[in-house]
Structure formats: C-alpha cells, structure tokens
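Asks: Before anything else, here's the structure in question.
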Amino acid sequence: MELIVLDHPLVTHKLTHLRDRETDSPTFRALVEELVTLLAYEATREVRVEPSTVQTPVAPYHGVQISKPRPLVVPILRAGLGMLEGMTRLMPNAEVGFVGMVRDEETLEPFTYAERLPKDLSGRQCYVLDPMLATGGSLGGCVNFLVDRGADHITCICLLAAPEGIEKFRRLVEDLKVPCTLVLAAVDEKLNENGYIVPGLGDAGDRLYGLAE
Ligand SMILES: O=P(O)(O)OC[C@H]1O[C@H](OP(=O)(O)OP(=O)(O)O)[C@H](O)[C@@H]1O
Ligand SMILES: O=c1cc[nH]c(=O)[nH]1
Ligand SMILES: [Mg+2]
C-alpha cells in the first residue's frame, strides 16, 4: 500500500480550523470541501488518461482526457458525503457509488445499511471518500465490497487517521493483494478508549450534519 500524507501549511491551517470545537457546521462543511480539493489533486496523480487531440485557435494540440471506463467515486455515508462535492467538482465525469456504514459504538464494528455500487468494477479506478480512518473497520469493509466486484485499483482519501487504523488497513489490502493508495491530510496520535481519534475532530458526521439519534 502506498501512503501519502500531505505535508502542506495550507492543509494544516485548514485542518486546525476544522478541528476547533468552536467551528460551526456550515464552516466545517466548507473546510471539508476545500481540503478534499487539495487532497484530490494529489490522489488523482495516477488517474488513467488516453490521448485526445483538440484544435486550439492556432493549431492542433495533442493532449489527454480521462480514460473510459470512468473512475468511480464512493463516499462512505454519512460523513464521506461531505467530501463528494469537492471530489466531483475536480473530476466531473466520474461515476458515483454509495456505501452507508455506521460503527457500533460498543463493539466498534461497522454495520452496512446501504450499498449501491456497479456490479462489475473490473478495469475501474475507484476513489473512496471518508474523513475518518479510526480502527479501519469501515474503510476496510468498503474496500472489501469494491474488491468483491473486481476493482483492481483503489485510492482512499481521508482527512485524519490513527496509526492503529492505518496498520490494520495496510494488512487488509496486503491480504486482498489489491493495489491501493491511502491519501491523508494528517496522521494523528492514537485512538482513545472509545475508538475516537486523538486529538482528532470528534464525530465527523455529527459535525457535518448534526447529532445522529
Ligand atoms: O475506522 P472506523 O473505526 O471504522 O471509524 C471510522 C468511521 O466512523 C465514522 O462514521 P460513523 O460510523 O460515525 O457514521 P456517520 O458517518 O454516519 O457518522 C467515519 O466517518 C468512518 O466511517
Ligand atoms: O474520531 C472519530 C472516530 C470515528 N469516527 C469519527 O467520526 N471520529
Ligand atoms: Mg459518525
């Protein structure tokens, strides 16, 4: 697994604002979108392209366009939905699939309540979005769904990750033998006894959309 951690003062500046418990939901949503744009720029470095020639007002130009089949973007609901707009703005021709997961707060195991993905993902580049990689259970579960459908190239984009979750996720993708890149804005210190990232930002879904009952 390739691990890319963005080391950029603008990213850290925005993350600092995002982590602040005084930051309200509208500002939090705007910051997530801005951060995704910065992460997506790095995460799409390996996006497959094919030759494309256009006519400028002056001469032909031999450039490229994103290859078919189109890339698939998969936000993990709820919190990953906050990253979707920023990603599709950068790659408007991407297709979007959905996976809905929620962690059991006692066992920390993810429960899948929704899944809407193309049946066959062979030959597709997949981009998974979730702001938080804590124990790694949710991201791992989503990657399993994609590999089951034949995905052969997966890039996961997260804002914050705990070292424990990164290691668990690394072992999973090694077992699955799927080329995978994990792009992060930052690696935090640890998980606390409740499975929350420390210092983290709290519950990303709640901060984006309000408290879940
Ligand atoms: O790495 P893990 O230990 O699996 O934890 C991370 C997951 O927890 C959060 O979702 P949550 O379960 O809170 O659902 P939500 O997005 O609806 O708030 C987060 O968005 C990840 O999906
Ligand atoms: O710190 C954490 C851990 C899991 N999910 C979150 O939203 N935040
Ligand atoms: Mg949540």
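Just so it is clear, glycine is given a Cβ too, placed from its N, Cα and C backbone atoms.
Taken from TrEMBL, the feature 5-phospho-alpha-D-ribose 1-diphosphate binding site applies to Arg78, Arg103, Asp130, Pro131, Met132, Leu133, Ala134, Thr135, Gly136, Gly137, Ser138, Asp203. Taken from TrEMBL, the feature uracil binding site applies to Ile197, Gly202, Asp203, Ala204. What TrEMBL records for 5-210 is domain 'Phosphoribosyltransferase'.
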Asks: When the Cα-Cα distance from Asp203 (uracil binding site) is computed for each of the binding-site residues Arg78, Asp130, Met132, Ala134, Gly136, which gives the smallest value?
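Replies: Answer for the nearest of the binding-site residues: Met132.
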Asks: How far is it from Asp130 (5-phospho-alpha-D-ribose 1-diphosphate binding site) to Ile197 (uracil binding site), counting Cα to Cα, in Å?
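Replies: Asp130 (5-phospho-alpha-D-ribose 1-diphosphate binding site) to Ile197 (uracil binding site), Cα-Cα distance: 14 Å.
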Asks: From the binding-site residues listed here (Ala134, Gly136, Ile197, Asp203), select those whose CB sits under 6 A from an atom of ligand 3.
Replies: Asp203
Asks: If you check the binding-site residues Arg78, Asp130, Met132, Gly136, Ser138 one by one, which have a CB less than 6 Å away from any atom of ligand 2?
Replies: Met132
Asks: Rounded to an integer, what is the Cα-Cα distance in Å between Met132 (5-phospho-alpha-D-ribose 1-diphosphate binding site) and Ile197 (uracil binding site)?
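Replies: Here the two Cα atoms lie 8 Å apart.
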Asks: Name the one residue among Ile197, Gly202, Ala204 whose Cα is closest in three-dimensional space to that of Arg78 (5-phospho-alpha-D-ribose 1-diphosphate binding site); these are the binding-site residues.
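Replies: Checked the binding-site residues Ile197, Gly202, Ala204; minimum Cα distance to Arg78 (5-phospho-alpha-D-ribose 1-diphosphate binding site) goes to Ala204.
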Asks: Does anything in the same chain, at least 6 positions from Ser138 (5-phospho-alpha-D-ribose 1-diphosphate binding site), have a Cβ under 8 Å from its Cβ, and if so what?
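Replies: Once residues fewer than 6 apart are set aside, Ser138 (5-phospho-alpha-D-ribose 1-diphosphate binding site) is near Ile76, Met101, Arg103, Pro110, Asp130.
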Asks: Restricting to the record's 5-phospho-alpha-D-ribose 1-diphosphate-binding residues (Arg78, Arg103, Asp130, Pro131, Met132, Leu133, Ala134, Thr135, Gly136, Gly137, Ser138, Asp203), give me the longest CA-CA distance in Å as a whole number.
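Replies: Of all Cα pairs among the recorded 5-phospho-alpha-D-ribose 1-diphosphate binders, the widest measures 17 Å.
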Asks: Near Ala134 (5-phospho-alpha-D-ribose 1-diphosphate binding site), which of the binding-site residues Ile197, Gly202, Ala204 can be found within 10 Å, Cα to Cα?
Replies: Ile197
Asks: What does DSSP call Asp203 (uracil binding site) in the simple three-state scheme?
Replies: coil
Asks: Do you know offhand how many angstrom separate Gly136 (5-phospho-alpha-D-ribose 1-diphosphate binding site) and Ile197 (uracil binding site) by C-alpha?
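Replies: Computed Cα spacing between Gly136 (5-phospho-alpha-D-ribose 1-diphosphate binding site) and Ile197 (uracil binding site) is 11 Å.
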